[in-house]
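Have a look at the structure below before the remarks.
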Amino acid sequence: MNNRVHQGHFARKRFGQNFLTDQFVIDSIAAAINPQPGQAVLEIGPGLGALTEPVGERMDKMTVVELDRDLAARLQVHPQLKDKLTIIQQDAMTVNFGELSQQRGKPLRVFGNLPYNISTPLMFHLFSYTDAIADMHFMLQKEVVNRLVAGPGSKTFGRLSVMAQYYCQVIPVLEVPPTAFTPAPKVDSAVVRLVPHKSIPHPVKNIRMLSRITTQAFNQRRKTIRNSLGDLFTVEQLTELGIDPSTRAENISVEQYCKMANWLSEQPEMQS
């Protein structure tokens, strides 16, 4: 039997499809999400409905974003869900989550078993809508969850860690083995909860500046900051900001990155 076929659907590699089939894991995730009637619940990549069903049975209505036309068509005729679902057949990377929140008149509760091939860019897309999101629960590669929760000094601390923690409180929920999926992925998975900060702890004036600094620093993570960010800061400027010029990117805190971004935003040559 072809292990890429589940419930008559052939898992498409280009969409990174791995279908969740372990009922204990499914129930545990639904319990962690704890959806309540009247909330604006949205699922990204519902697939064959493994999570849609236990969440949907508690809701009067919910929204799903599904790129695969065959899976979207199956959901349209799902006996228990079809009257509850608003189906958006679209790439989640192009969805305006702010508009969806406005339409519902409340912040979104977003969840999904995210395709591993788009999970990181999709997280960055969602971070730009955190003012329209109440919380997010995602199944991701365990390695990605480790990066999301990592702190300074960890080898897994990187740009994703900084940007995620700038916007959200990041809470690991559950580890999931490959055997919970069909077809089984080659990596371990984990569920993470991201709760946007009600008030950003270390606000930056220009988020693009924070993105630029973290990209540049972590792209050259083996170098000291005086070298990787040498075109942006002098040794004296870094010292004045309370940052050791001889340290590396992974040893600088989120607060310190925000301090650097704000200082850079104030420089006349950066105003254009």
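Just so you know, glycine gets a Cβ as well, placed from its N, Cα and C.
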>> Going by the S-adenosyl-L-methionine site in Swiss-Prot, where N18, L20, G45, E66, N113 are listed, which of the candidates D91, D131, D135 is also part of it?
In response: D91
> Taking the Cβ of G45 (S-adenosyl-L-methionine binding site) as centre, how many other Cβ atoms lie within 10 Å?
Replying inline: 25
> Does anything in the same chain, at least 6 positions from E66 (S-adenosyl-L-methionine binding site), have a Cβ under 8 Å from its Cβ, and if so what?
Replying inline: G45, P46, G47, A72, L75, I87, I88, Q89
